[in-house]
Amino acid sequence: MEFAELIKTPRVDNVVLHRPFYPAVEGTLCLTGHHLILSSRQDNTEELWLMHSNIDAIDKRFVGSLGTIIIKCKDFRIIQLDIPGMEECLNIASSIEALSTLDSITLMYPFFYRPMFDVIEDGWHSFLPEQEFELYSSATSEWRLSYINKEFAVCPSYPPIVIVPNSIDDEALRKVATFRHGGRFPVLSYYHKKNGMVIMRSGQPLTGTNGRRCKEDEKLINATLRAGKRGYIIDTRSLNVAQQARAKGGGFEQEAHYPQWRRIHKSIERYHILQESLIKLVEACNDQTHSMDRWLSKLETSNWLTHIKESLTAACLAAQCIDREGASILIHGTEGTDSTLQVTSLAQIILEPRSRTIRGFEALIEREWLQAGHPFQQRCAQSAYCNSKQKWESPVFLLFLDCVWQILRQFPCSFEFNEHFLIVLFEHVYASQFGTFLGNNESERSKLKLQQKTMSLWSWVNRPSELSQFTNPLFEANNLVIWPSVAPQSLQLWEGVFLRWNRSSKYLDEAYEEMVNIIEYNKELQAKVNTLRRQLAELETEDGM
Amino acid sequence: MEHIRTPKVENVRLVDRASSKKAVLGTLYLTATHVIFVENTPDTRKETWILHSQISTIEKQATTATGCPLLIRCKDFQIVQLVIPQERDCHDVYVSLIRLTRPVKYEELYCFSFNPKLDKEEREQGWMLVDLGEEYKRMGLPNNYWQLSDVNRDYRVCDSYPSELYVPKSATAHLIVGSSKFRSRRRFPALCYYYKDNHASICRSSQPLSGFSARCLEDEQMLQAIRKANPGSDFIYVVDTRPKLNAMANRAAGKGYENEDNYSNIKFQFIGIENIHVMRNSLQKMLEVCELKSPSMSDFLWGLENSGWLRHIKAIMDAGIFIAKAVSEEGISVLVHCSDGWDRTAQVCSVASLLLDPHYRTLKGFMILIEKDWISFGHKFNHRYGNLDGDPKEISPVADQFIECVWQLMEQFPCAFEFNERFLIHVQHHIYSCQFGNFLCNSQKEREELRIQERTYSLWAHLWKNRADYLNPLFRADHSQTQGTLHLPATPCNFMYKFWSGMYNRFEKGMQPRQSVTDYLMAVKEETQQLEEELETLEERLEKIQKVQLNRTEVKSKQSEPGRHSGFSTSDNSMANTPQDYSGNMRSFPSRSPSQGDEDSALILTQDNLKSSDPELSANSDQESGVEDLSCRSPSGGERATSEDSSKDRDSDEAVFLTA
């Protein structure tokens, strides 16, 4: 196997492991192709079982012949290994470094992982576009499925099947695709059954400096408007940035050519700005020496909560246009693969009760992130400890999950899933045994044959035994639109992710358990009472006979 | 009444603070105790009641085309903006309120006219609910080391102390009096808390009058006596909760702190909690941040940091943690003081006691704690919370900070407290409300002179009566978090202390979580209790019928003997899952059945519709009885507002997003 040459030292004895909340433990360190394992060989348990792909960065230092490797994980955990012997330490360090930065996707763990569970439902087929469309087609005939992209030729970052207005034929779509960034012509993202209004998303129009226009594009988006109605275009860039984009061939919709549309600019930060924000935030959370004031000021300068507020505000605005103003909207930024998806998916969380259920949320991630072509591979290659500063690395999806957590915190009874579910998704996006988040779009995924060669995360998550840990015991279906508050007083640091390794969650976990017990006991009693009532009714009728 | 220049103004507008575009028209009334705004909207006629004693500042703003704006800020953090059409009316209201909110005699306060319709006996029983004598007995006192002293009978030694105190058995009256002369305002060292498990104790006092070199043999012996009352220990900690600089500055005024050389076997420690003036300004700054209209995240965090508020909260917590650790882990007694020993000392002793003793984390125990550390030991409620018109420099949110410390602990130990956040909020409200007599005056002596217990009612009885609303559903007497000491990490991290929007922005309902986990779980528990009762009666009935049938079948044949309960339930489980079968019976279920996932039940639990046992505490109404002379009182909108409120709830935040 090709990993053998990367593993310079497969095994070292007398290694001491330090990690948060546990006393140091001595044991044997083993390196395998995809894992770093430490076992004290007591009770046959491994003290550490870490996927190489979860390693974000490592530091090494030496005191005499004792080497220390500090491993910083993508889930923000920091662990330390004390390794006797300089050579062993250097070998281990360079092996870890090589194994955690494999350049070929097909060498990654999902291609080797063999599940230890029975697959009840193959997650690769859980959320087929056709099925999703059926949910709409009962309510409206204004939309159709288009297979125009089945070879990924029209738009490389789109899925093979998209939903477009019924009145627009594939030929027109082809033309529109040439007018939109990355070929990302406007497609349906969400249909609001209550009033028939829709959210569409796309890439920026390629107007350029000379104000190029595209009749088909105008026709396409106008086709979504009811007679006499106006729509909104939400541009996730500031006006200034949108104007500058014209110089590079991009641009925004001119009022003159889109008279039925009102454009709103809602600036949401992206790319390295988010990445730097995350780095600063995690740094602040890890530094426990500073005073209260410094903590608040570091939290502030990280700007993470500002980005949360921006994204949520844009999503609320979009939802408001749909539900309150009764207007359809088109959302885009530049590529339409990042901030655009944040807004469209968060707006659905607000508007659509289904997206607050477990399956509905999975479907949302599948539709609005995976199939919509959010480049997970690029964005989530590295996390908060990496110094590479590549422009394409950006915690866009983590920011989205954080926003969902903020809404969940404000509406604790309206979500079928709990915080733990969001945290697990965060982990799997950055490092996973499942193939779901590999690749940057459907085209890449199909070339990698992920469906045949890897297991879907949903196959595992949707097993009843797993689902129970992700289910919010407080859930009570709420069919209303939920309007979160975006005031700074209402937004909080997501401790479950950012302080997870810095403070013990023992007492909070106990509280959660207590909550579950209270509700379980109630259900148990209810079942008992119902049974008895039934029995009594039967006996009494028997009696009467 | 002579202070009310105009009892009623019509066509006043109440401005919605969340969006200034929204305002409701109504009538403003001034009574001897309240400002009342009644909306004109005929179907709701929603009322906003504000107690005069809750009003912190009144600001007359520049007249605009629509009228003359009046901004009322309350001590419970409510902000009300009214626009009065006529400048003259506005002036009259303003002048009246200025006088009404600054009473000069205790008799003007609400508690002397408040009448909850209880008879004399009920009133007396109310005052007996919290019994400090019993509390010291619960601690295990008196014992071989501590005794009840009558040295302060009739407040002869110290007029701000209680008349009954526990002191070391070896401390003679002579010693106490001697020590008291060497302590600021004669507040000599006395027992605050005794830790049965290891004999360690927390004592409290004021600063010594040491100046640069003065010493007092009796005071030194007094501290020695405290150490000896803890037989296992070689020393005691003396904790001065002030910053060192402040303590040193006090020496120039003939006050100061203990010199370790003069006192044998003490370890002296400064903690560094700032004084009441710093705290007052800090709160002021934080409230300014809370008041900002649509602030950015940076504005808010920067403002919060700049206020220093959470830094002060942490300092108080740190002191409490230090003392609790000294007592429980080291078994060392601690003497705590600040300057006069009635502000920081009260905060710190209370926090330490809460950490040490689960009893104080119960509803009743918390009342006792406040009664003991704050009321009996002469925390100056009147001065700090401005009940009577007085020196504004004496006002400071000392008790507010303590209440926040409790909340911060509740956030970290969600199962440890018997009471919930609402309880803390209501206690805070009543510290300012002057509706009950508990927090009147500056000392026990003053309260006795005013005959408070004969003339007013006790808050504790009122809260106890409504305790169902104040319970924490996660509390269980046998839970590990309700046992023994609460252990905080050795180095408490800053990020553990969070902004408490449930307190400081509590009237901005839109900012609060829209669904309350506490209320949801309470509803579940309530239902569980009913189910338990029903189960019992069902089982009884079943048994009866089975007996009858058994007798009958025995006569016929013994074949069809019905199984035991367990046999029944397993065999009928599938049927239990068909809800239609029981739909007829379902009606007897409580309406809030959390398992029924329909729209209505989801609505019931949204924040706006939550029942609140203290109606005066919800933003829109204060319909406590006692002010009966108001004819304008209409049936309260609270109960029938379910549908309206829920629809309102849906769009309450609209304006926030549309800044584009």
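Glycine residues also receive a Cβ, built from the backbone N, Cα and C atoms like all the rest.
What TrEMBL says about this one:
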{"type": "DOMAIN", "residues": "B:126-504", "note": "domain 'Myotubularin phosphatase'"}
{"type": "BINDING", "residues": "B:Asn275, B:Ile276, B:Cys338, B:Ser339, B:Asp340, B:Gly341, B:Trp342, B:Asp343, B:Arg344", "note": "substrate binding site"}
{"type": "ACT_SITE", "residues": "B:Cys338", "note": "active site, phosphocysteine intermediate"}
{"type": "COILED", "residues": "B:521-551", "note": "coiled coil"}
{"type": "REGION", "residues": "B:552-660", "note": "region 'Disordered'"}
{"type": "COMPBIAS", "residues": "B:553-564", "note": "compositional bias 'Basic and acidic residues'"}
{"type": "COMPBIAS", "residues": "B:567-596", "note": "compositional bias 'Polar residues'"}
{"type": "COMPBIAS", "residues": "B:641-653", "note": "compositional bias 'Basic and acidic residues'"}
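Sequence features, as recorded in TrEMBL, placed on the structure.
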| residue | record | DSSP (3 states) |
| --- | --- | --- |
| B:Asn275 | substrate binding site | coil |
| B:Cys338 | substrate binding site | coil |
| B:Arg344 | substrate binding site | helix |
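For B:Cys338 (substrate binding site), the Cβ neighbour count at a 10 Å cut-off comes to 28, with all displayed protein chains included. For B:Trp342 (substrate binding site), applying a Cβ distance below 8 Å and a minimum sequence separation of six or more within one chain yields B:Ser160, B:Arg187, B:Ser206, B:Phe377, B:Gly378, B:His379, B:Lys380. Annotated substrate site B:Asn275, B:Ile276, B:Cys338, B:Ser339, B:Asp340, B:Gly341, B:Trp342, B:Asp343, B:Arg344; additional same-chain residues within 8 Å of its Cβ mean position, judged by their own Cβ, are B:Thr241, B:Arg242, B:Thr345. For the binding-site residues B:Asn275, B:Asp340, counting C-beta atoms within 10 A of each C-beta gives the highest total at B:Asp340. Here the Cβ of B:Arg344 (substrate binding site) has 28 other Cβ atoms within 10 Å, regardless of which shown protein chain they belong to. Here substrate is bound by B:Asn275, B:Ile276, B:Cys338, B:Ser339, B:Asp340, B:Gly341, B:Trp342, B:Asp343, B:Arg344 per the record. The longest Cα to Cα distance in that group is 12 Å.
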